[in-house]
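Chemist: Sharing a structure with you now.
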């Protein structure tokens with residue numbers, strides 16, 4: 001199965017919904033007549049149990065009739081990478097939810113690949129669906145979720161970027177993960193941009209020197225030709241210089257001041273990641289793996305003891321005989 005193609009379908013259909021929300025109405029209306037109680041009996045498909053029944057589908061239809069159009073998402077590779085990490089993790093372990101088996105949350109996984117603050121970030125996950133339309137309709141109907149949080153992510157005007165991962169899931173067969181943010185700067189991207197600018201600047205200097213040298217040579221041979229060609233070459237220098245100067249002044253996604261702030265955040269994030277890595281190594285050195293352990297699951301939560309907030313790390317050891325053992329460490 002071509003999961004990359006399906007991921008592209010998910011991205012495109014989600015943008016179609018944002019541009020024209022009413023396109024989701026006909027396929028949802030077609031479902032209504034196939035409900036028997038809270039069970040959907042679509043022709044050629046297995047019966048599907050709903051928590052709210054046809055009511056949540058009708059509520060979604062009413063929402064789409066009044067939802068104003070929004071700009072489409074721009075695709076972001078860095079968000080795809082963070083979504084991929086989580087999708088592979090859940091798919092391999094047969095689990096669900098927004099917390100990874102390593103205890104990571106959405107923002108921490110996105111921060112592995114770049115900078116997204118200030119601004120919101122979020123995530124949608126769909127299970128068992130394998131077409132762009134099926135995935136998005138499942139999310140915007142959002143059966144059993146009173147706050148319709150998945151629908152809100154799809155139609156959130158503050159989100160500008162998205163990355164999509166589609167893959168296999170050991171329990172639900174398929175999984176789709178989408179990570180969202182308002183802004184994103186891939187780690188190392190600013191440094192690469194500066195190097196590219198310096199290279200362009202050097203090439204521009206070389207070009208100007210070459211033109212000046214040609215002007216001088218032409219002046220020595222033919223005064224009349226020098227005047228004609230000198231004007232043309234001079235115009236070329238001005239045009240090239242103006243274009244390059246515009247590129248130097250403004251980056252494609254961020255203003256210079258904001259980029260400087262993001263670069264500082266990147267350095268701070270790298271330092272924080274290194275500290276967390278060191279802490280993890282120290283913690284893991286305290287863990288004693290029992291004999292017969294075939295898998296270790298790490299869970300993290302914040303607890304309060306005597307008014308002090310501590311990080312509680314629970315290591316669950318899955319044994320060959322099917323039993324489990326655990327070890328808790330407080331930091």
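Positions of Cβ are set from backbone N, Cα and C atoms, glycine also.
Automatic prediction, not curation, is the source of TrEMBL annotations.
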Chemist: In TrEMBL, which of 250-285, 286-321 is labelled region 'Disordered'?
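Modeler: My reading of TrEMBL: the region 'Disordered' range is 250-285.
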Chemist: Which stretch, out of 188-209, 210-231, is listed as region 'Disordered' by TrEMBL?
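Modeler: Within the set 188-209, 210-231, TrEMBL attaches region 'Disordered' to 210-231.
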Chemist: Take every residue in the domain 'SCP' (66-180), average their pLDDT values, and give the whole-number result.
Modeler: 96
